[in-house]
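Taken verbatim from TrEMBL:
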type: TRANSMEM; residues: B:20-45; note: transmembrane segment
type: TRANSMEM; residues: B:57-78; note: transmembrane segment
type: TRANSMEM; residues: B:98-121; note: transmembrane segment
type: TRANSMEM; residues: B:173-194; note: transmembrane segment
type: TRANSMEM; residues: B:206-228; note: transmembrane segment
type: TRANSMEM; residues: B:268-289; note: transmembrane segment
type: TRANSMEM; residues: B:309-328; note: transmembrane segment
type: TRANSMEM; residues: B:340-366; note: transmembrane segment
type: TRANSMEM; residues: B:386-408; note: transmembrane segment
């Protein structure tokens, strides 16, 4: 065998060995879906700008096929009414799908409270959605790995694998998860991953007429969201749980739950 | 209607997606695993620590533990929204999840109990097969039993003194290994709750320990109760059969409940009861003393909304009353029956107060949720997450026990280990 033949055969052997090695590699959905290290999705909510119209909730339900009349939602808006005596009334009727059409505050069990304007110290609206935590407890507790985090930080649920145990619902301190009424598997906001991964904005961001919701890339220093997160006075929800939420709030007050 | 809406009532501000998701089946789950673990620990007290007075109940509780074992995952299965995918937990376990440990721990424990049963009963299998083989006019049932025993012997026909001694050693080792595994089985059930940091009531490292102690209490109580009930039923059946055939042994020949067995077992019950209550109270006091952010809502649930369930039903009726009943001198079988029923009720209420109580307040710390147990089911969901679903799960171990007791006789084997 001359040198040329030896080299040719060696290359064939190496190539032959490389093919099954590549074929044996397990498909990792995290890498498949988002293998871009320059991307980390984050959300910015401006509580000063939100007027509680509920367009975002409506758009989310329609976009993500969460039954319109079901009493669960991927996102919702909370109304806070702080009285002069310091007491706080909070409600989110039907997740604010139709906005806040009445001044009466829902107290549950079919009861309502009406607060006279003179007694109100301040009132405001706070939109809520999945925080796509850096350290998501729902991913940690899922017994089958149906809930997983992509490399760009979004937590997704694989409907084919979820067994419907509800452990993720229990593990989330933000109460954003629920069982899908049709598919009977765990459901949550995923920043409209099918849209953002194609260069679009999430449905709620598009629907908000007041710019109260923004989505951006934390790894891009020129992104307006990143600029506000880095330079502005922003807050996150329930920091004490150590989940490191990636939904940032402008105008967060101590009353917000 | 979304899952949970049928039985959840919301009060004040609760996040829109919050409902009571873990219902009575999740109460039944730690209750049943507790019974499994407790029954096994009771049987091990004789095998490992040589508590001779418990000899009679040791074999009984081992078989009972084995009967309870397949029932432990049943409530979980009934509770799943996708029950047909339950095997995913075993096939694709995600090891950061406490639930994923279930399959491993459960199967390990199951194998230990099955092996121990085999060592305990191997001699009996061989002897019975020999007797039945020689018998000429075997009934169909006897032939079936002979074939089953021949299979169960697994080819180990040696019943020499040395071989039986080896069996006894095997039982001792397995019982010894079984205790930590049984504790782990139930401790990890406690860990499932204790590790949920989002839930202020569950989030305590004491949870697995509290669960283990109350498991032993409930296991011992159920064994005493079932032991007494089985003995009494046996006597009644003997009396009934004797009417037709006076040649059969009389109820007095069969022997009734041995009072010293009940007394001795009750002593262990009280010991573990003290331990369980002490830990639970320690947890309560610690929470009040440290009074972190969640204490305000916890206090309103513990001392307000759930006061009756916690202090009257669980601590009062389920702990204090049986405690007095067991400690009063001259314990009778009748008093032990009342005591054990109350203890079982107390442990069930403890599970209830942990599972349902833990979901009684919103993660917003601003509102409450109440679970209205579905009594009469109007669809499959309200059946399985309601009273009848729980009763069905609770009844199955006794059916298994009746079947198993025919294969592994729990009485009249005084000469064996």
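Backbone N, Cα and C atoms are what each Cβ position is placed from, and that goes for glycine too.
All TrEMBL annotations are machine predictions without curation.
Beyond the ends of the transmembrane segment (B:173-194), by six or more residues, the same chain brings 29-30, 33-34, 36-37, 40-41, 43-44, 47-48, 98-99, 101-102, 105-106, 108-109, 112-113, 115-116, 119, 202-212, 215, 354-355, 358 to within a C-beta distance below 8 angstroms of the stretch. The stretch from B:98-121, B:268-289, B:309-328, B:340-366 with the most CB pairs below 8 A to the transmembrane segment (B:20-45) is B:340-366.
Pairs of Cβ atoms less than 8 Å apart link the transmembrane segment (B:340-366) most often to B:206-228, out of B:98-121, B:206-228, B:268-289. Long-range contacts of the transmembrane segment (B:309-328) within the same chain: residues 266, 269-270, 273, 277, 302, 335-336, 338-340, 342-343, 345-350, 352-353, 357, each at least 6 residues beyond the stretch ends and with a Cβ under 8 Å from a Cβ of the stretch. Listed by sequence, the residues of this chain that lie at least six past the ends of the transmembrane segment (B:98-121) yet keep a Cβ under 8 A from its Cβ atoms are 36, 40, 47, 59, 62-63, 65-66, 69, 72-73, 76, 89-90, 152, 154, 167-168, 170-171, 174-175, 177-178, 181-182, 184-185, 188, 191-192, 195, 408, 416-417.
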